[in-house]
């Protein structure tokens, strides 16, 4: 089976003084999260679409989905304390409600990347069915500088650098085995789901993203996103 998992567990602290997590803020006439869910409901190959959100916001999430979304494949799941616990909460839901077969895959995506295209979703599905793990990236435009203690320690070759986006897609059993193989210290250091597999020695394939598949994190991002929606309408 092919699952989608929309990670909506963030608190949105970098958005500033706002009354709710950023995924629930309005973008034009509806919440950011709804824009994202709609993109995934267009893909008929998904057997289920999980929206994983903070426990305190489950009722709100269910209410807005009921208002805007009619697709019965969409289910709300309680997330965890951080990104990767939220990811694994979705995996546990799949295990409990559907069982997990050897060829089951999951396409995971940030709730606050509402401009994902059907091409990116399709490329993730095709790639993850052929590979064990897939990351969506765009080539780095600016030079990447590594530093410590206010000093430059390395300047990697830019042509080898990419900026990570989502979706990040996985064979579910490989993801579970990779996560369980990590130490507590490794799990605590995770800032990216694909790192679960790379730390466990699994190869991660690349899918080309798009510059406008950006993450709405700050007030500036929200203004840019609002301008894009207005232009498209």
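Even glycines carry a Cβ here, placed using N, Cα and C.
Here is what Swiss-Prot says about this protein:
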- 7, 8, 9, 10, 80, 81, 82, 83, 84, 85, 86: CTP binding site (BINDING)
- 14: site 'Transition state stabilizer' (SITE)
- 22: site 'Transition state stabilizer' (SITE)
- 158: site 'Positions ribitol 5-phosphate for the nucleophilic attack' (SITE)
- 215: site 'Positions ribitol 5-phosphate for the nucleophilic attack' (SITE)
Response to the item:
According to DSSP, residue 22 (site 'Transition state stabilizer') sits in helix
Worksheet entry | Max pairwise CA distance, angstrom, over record-listed CTP binders 7, 8, 9, 10, 80, 81, 82, 83, 84, 85, 86 | 12
Discussion item. Between 9, 80, which of the binding-site residues has its C-beta surrounded by the fewest other C-beta atoms within 10 Å?
Written reply: 80
Fill in: Those recorded sites listed as 22, 158, 215, and which of them has the most Cβ atoms within 10 Å of its own Cβ
22
Practice prompt. Within the same chain, and leaving aside 7, 8, 9, 10, 80, 81, 82, 83, 84, 85, 86, name every residue whose CB is within 8 angstroms of the centroid of the CB atoms belonging to the recorded CTP site, in sequence order.
Written response: 52, 79, 87, 89
Worksheet item: Secondary structure at residue 84 (CTP binding site) (DSSP, helix/strand/coil)?
Response: helix
Worksheet item: Among the binding-site residues listed here, 7, 82, 84, 86, which has the most company in the form of other Cβ atoms within 10 Å of its Cβ?
Response: 7
